[in-house]
Amino acid sequence: MEEDKLLSAVPEEGDATRDPGPEPEEEPGVRNGMASEGLNSSLCSPGHERRGTPADTEEPTKDPDVAFHGLSLGLSLTNGLALGPDLNILEDSAESRPWRAGVLAEGDNASRSLYPDAEDPQLGLDGPGEPDVRDGFSATFEKILESELLRGTQYSSLDSLDGLSLTDESDSCVSFEAPLTPLIQQRARDSPEPGAGLGIGDMAFEGDMGAAGGDGELGSPLRRSISSSRSENVLSRLSLMAMPNGFHEDGPQGPGGDEDDDEEDTDKLLNSASDPSLKDGLSDSDSELSSSEGLEPGSADPLANGCQGVSEAAHRLARRLYHLEGFQRCDVARQLGKNNEFSRLVAGEYLSFFDFSGLTLDGALRTFLKAFPLMGETQERERVLTHFSRRYCQCNPDDSTSEDGIHTLTCALMLLNTDLHGHNIGKKMSCQQFIANLDQLNDGQDFAKDLLKTLYNSIKNEKLEWAIDEDELRKSLSELVDDKFGTGTKKVTRILDGGNPFLDVPQALSATTYKHGVLTRKTHADMDGKRTPRGRRGWKKFYAVLKGTILYLQKDEYRPDKALSEGDLKNAIRVHHALATRASDYSKKSNVLKLKTADWRVFLFQAPSKEEMLSWILRINLVAAIFSAPAFPAAVSSMKKFCRPLLPSCTTRLCQEEQLRSHENKLRQLTAELAEHRCHPVERGIKSKEAEEYRLKEHYLTFEKSRYETYIHLLAMKIKVGSDDLERIEARLATLEGDDPSLRKTHSSPALSQGHVTGSKTTKDATGPDT
């Protein structure tokens, strides 16, 4: 009560220019050991400055855009004394005991000490017309401080910065050493009191000027000497910017602004500063800000357009892919092969984990492929190899080969590996062919022949191997276990056949077995009817198994429970769109049948007996007639060169009746096309390229017409018999057509010799020079 009366009797500073408010002013003196000077100026909006003395009536001008970082926010003395608004030492009163260092935790009490506008005469704050109640020690301290200020030195209420490194922000004091510029020194000399007219805004502004390059003779410049203090970061950030939770908003306030609103905002602000969660958030945000504050003047922020954030995300993803953290090996190629900018960044970061320095190209490629299986579409794999080529050039800058040349060699090595070690029967690529295929592909120049020979021999002696995915390995092992115990119902493998090394069609190993027995094979022609070299024409005995649309040639006797070896898979032959006929023009051996495949390879097989030969011919042709899918239309082009259309290797989805109608339609189409082709013959005896193309097309149409005639005859017979028993079908054909049911001119064989069928003259062997 006595305190309220005393406050009401004391006039406040600036009553002459400000109307009294309806609400009583709270005591702004020292509470809980916290000085009242500093936070008022730092928390108010720009332009709202306190008046030091009645004599100092001129408001110091200040740029509102200037951000001040170093202020004396509150000076707490360990001996129980505090500095007043005029830098005077305040006496220790009973109300302020006990002194505590962490005044920010007491939000309500501390908020009342932030505004020194309402002076308390009992504390000796030099209100207008009030007696000075300071003791001799206070007066002596002020004289010492004034002499230090006039000499241009600096003063801090703390002897050291140890108090600012406390772990708890609420228990730490904040102090900043502001430089004393000539302007501030002049005001200090002209002012009757040492602290009068020393506006906080001016201190901040001049402090920034001093930090930017003031005269070093007048004191050391301000360089954020306490930037490591989290308490300073929190309070300075609170005073500089609006809070995201709405506690503080910057608004234009002049000297006559609403102080009640300021005091309420200050209470909220200080209470929020005492919240540990909020302080942590502010500290984190301030640490993020400090990283950008370290940039040189005029430098652009790297996070302005998000480039650095995207780059960091790409690096994190690449590191996880390389160390397989949350990813499998099969996921690597899928991530690196995408066609977008982020995937290219990820690929570049991923390749940075590899060091190809000093390695040969094939050695670097082997190292790279051991990290993950290179899977996906052709364009996806090509993108991955592009990133590999770029990284190889970065690690070997002294290599004279360009990046495009390295990429060309890399793709060539991949194709060479498939050609030399793939499951294809065709002729392997020679070293001379490998060199010829790369002519003038090194930016218009040729690669060094020694380099190409070295790469060829390396791939030939040791094939490229890449990592096996763990899931695929476990799946394969589980299939083997299921097969051993009879639990596996269906197994699938991939048979790589033909001249195209990228054509791999899954075939069910548990498909129906139509025939098996001993056959002796001779390769007569390779792909496209090219004559097989003499070194590979020899006869070899196999145990043949016709399972589904695949003719497996095994070295050992057939056993249903035995898995196929790699050599057995290499010798496998597809019989889709194939035609088996009796090789009547081959007189060196008896009981020989000829098999011509969809890619025009020709094989000769010798059976143990005539009956076995006829049975093999019937069953191969019947399987091809039932399961061969309809052919695609031929390509349309203005070129005169004839190209055979590709025949699908997949199984047809048509039923047998629909399949029969499809064959009949195709036969009519071929018959009409052959008739039209023969209407425009070329002169005989001409050996021009045009004549060769004419004869090749006629030979193709004749063979296709004979093949479909055979398919139609056998499929119609099967439908008529109404049974899947092949022995009954063979007996039916033997009854209708005599001893050689498969050699009727109009059905099975386009390769009949003259006089084989009595009373009829056959045409020349439709296979022409292939036999």
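All positions are counted from 1 along the displayed chain.
Heads up, the Cβ atoms here are built off N, Cα and C, so glycines get one too.
Under 8 Å from some Cβ of the coiled coil (651-680) lie the Cβ atoms of residues 549, 576, 625-631, 694, 697-698, 701-702, 704-705, 708-709, 711-712, 715-716, 718-719, all in the same chain and six or more residues away from its ends. Residues or ranges marked as coiled coil in Swiss-Prot: 651-680.
If you look up Swiss-Prot, you'll see 47-66 marked as compositional bias 'Basic and acidic residues'.
The annotation compositional bias 'Acidic residues' is assigned in Swiss-Prot to 257-266.
According to Swiss-Prot, the feature compositional bias 'Polar residues' maps to 748-761.
Taken from Swiss-Prot, the feature domain 'SEC7' covers 260-462.
Across the domain 'PH' (512-625), DSSP helix (H, G, I), strand (E, B) and coil residues number 27 helix, 43 strand, 44 coil. The domain 'PH' annotation in Swiss-Prot covers 512-625 and rests on sequence analysis.
Among the features that Swiss-Prot reports, phosphoserine is placed at S191, with the record citing similarity to another entry.
As annotated by Swiss-Prot, region 'Disordered' applies to 1-67 (among others).
The feature region 'Disordered' is assigned by Swiss-Prot to 107-136 (among others).
The feature region 'Disordered' is assigned by Swiss-Prot to 207-230 (among others).
Positions annotated as region 'Disordered' by Swiss-Prot: 244-307 (among others).
Under the heading region 'Disordered', Swiss-Prot lists 739-771 (among others).
Per Swiss-Prot, transmembrane segment is recorded for 622-639, and the stated evidence type is sequence analysis.
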### Message
For the domain 'SEC7' (260-462), what's the mean pLDDT in this predicted model?
### Response
78
